[in-house]
Ligand code: G3P
């Protein structure tokens, strides 16, 4: 029996593919960055064709590097940047507009109108989300309103909508499968997380024809089979989850109360709340953690829009560093940034502030502030934002986690991990495999393929690589965090 799994991880800045053994160890991997388009202030787009072509390329490379015969791959799992919205022609599969990325704020005014009209409480009760440009519904509506003829074509059933998972599945299956999973659906603002169905009232509110929408399956299910001409064999796609939910699975956070935080382009902290959808009073999101055999495990999520993207900006935007890895040595020389705070609200602020009109700033500059202080402040901003989320969870009544499981590219930086533990006052645990997102969806595909009996068996594969224990004095922690709160207050739009 085939014992290997191919995970596709289509993220915000790169497409990746990793071949895993059934033991959850990476055997081969390939990665390709792709173009980010910023056509206007607050707008972020991707080219759907480039998403597809880079994904196909990395899949082929990873399979080739693994030395496996494609037929030895038991199943594929797809995980993805969530909320990013694509609309394509139902016959040709060609997108009718660039993908509108989750970070894109172009629908901020429409969201304000909806809130002013008093819709937020009802939308939140159905979806677990807030009215914010982050989610797919207002982006989809924007496409229908702004691409000539799109609404009429949608009404005639000639178009399909999907988040990136759904688009890739469509392409991989040669247009045979128009499906998504419950976690991705739960980020659209159109899906009722209680009934686990598209919500007809919300479709009406946002003006979305139902024919656009994909079928919603469990995270481990028969999604379709790849067209054999693409990867050298017809491989079943058996797993699917939004990247943050996949990371929850990869981190084996299966017990209520367990928390993980993933540091990719953004940072997303998710706490498993079990069978109960917990409603936050502090503007955290209620979302589907995973759905297996029709049973939902809910989660509470704090979403921060800029984490790794701050380091990317330091490198590519203002060119203070040549490589992301240089930040660790610079921060070690600096200590705690000497009162400099960088608030990376480049595309507004996410949880718990939800302020799409806020913009970034650097505070506390003095004559002797240099590159290393600004870089350190950029790294610290990621940790302070994590603390904001933990505070919101605590105010919602969640017990402080005994440890925070972390993953994603930034967690290789030991300085960041120690500062994170210090500023949270909570131990931070880094697993052996930090490609947790890809691993999580490989596990989901493996569950469906019968490589794993159940989640307990999956949890048995999780191993800690390092634990960072807080060692900062409480008074210092308090002083630093208060400085951050003051800086955030100054970038708020007041909207
Ligand atoms: O909600 C957006 C999120 O899924 C993006 O994840 O890893 O690309 O920052 P990432």
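Positions of Cβ are set from backbone N, Cα and C atoms, glycine also.
As recorded in TrEMBL, the features of this protein are as follows:
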- 4-250: domain 'Carbohydrate kinase FGGY N-terminal' (DOMAIN)
- 12, 82, 83, 134, 243: sn-glycerol 3-phosphate binding site (BINDING)
- 12, 13, 14, 265, 308, 312, 409: ATP binding site (BINDING)
- 82, 83, 134, 243, 244: glycerol binding site (BINDING)
- 261-448: domain 'Carbohydrate kinase FGGY C-terminal' (DOMAIN)
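Here the features listed in TrEMBL are placed on the structure.
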residue: 12; record: sn-glycerol 3-phosphate binding site; DSSP (3 states): coil
residue: 82; record: sn-glycerol 3-phosphate binding site; DSSP (3 states): coil
residue: 243; record: sn-glycerol 3-phosphate binding site; DSSP (3 states): helix
residue: 265; record: ATP binding site; DSSP (3 states): coil
residue: 308; record: ATP binding site; DSSP (3 states): helix
residue: 409; record: ATP binding site; DSSP (3 states): helix
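For residue 82 (sn-glycerol 3-phosphate binding site), the nearest of the binding-site residues by C-alpha distance turns out to be 244; the candidates were 14, 244, 308, 409.
Nearest by CA distance to residue 308 (ATP binding site), out of the binding-site residues 12, 83, 244, is 12. Note: the Cα of residue 409 (ATP binding site) and the Cα of residue 12 (sn-glycerol 3-phosphate binding site) are spaced 13 Å from each other. Note: the Cα of residue 244 (glycerol binding site) and the Cα of residue 265 (ATP binding site) are spaced 12 Å from each other. Nearest neighbour of residue 265 (ATP binding site) by Cα distance, taken over the binding-site residues 12, 134, 243: 12.
With every protein chain in view, the residue among the binding-site residues 83, 243 whose Cβ has the most Cβ partners within 10 Å turns out to be 243.
In the three-state DSSP classification, residue 134 (sn-glycerol 3-phosphate binding site) falls within coil. Between the C-alpha atoms of residue 13 (ATP binding site) and residue 243 (sn-glycerol 3-phosphate binding site), the distance comes to 13 Å. Listed in sequence order, the binding-site residues among 12, 14, 82, 134, 244, 308 whose CB lies under 6 angstroms from an atom of ligand 1 come out as 12, 82, 244.
Closest to residue 14 (ATP binding site) in space, going by CA atoms and restricting to the binding-site residues 83, 134, 243, is 243. Other residues of the same chain near the sn-glycerol 3-phosphate site, with their Cβ within 8 Å of the Cβ centroid of 12, 82, 83, 134, 243, are 80, 81, 84, 101, 102, 163, 187, 242, 244, 266.
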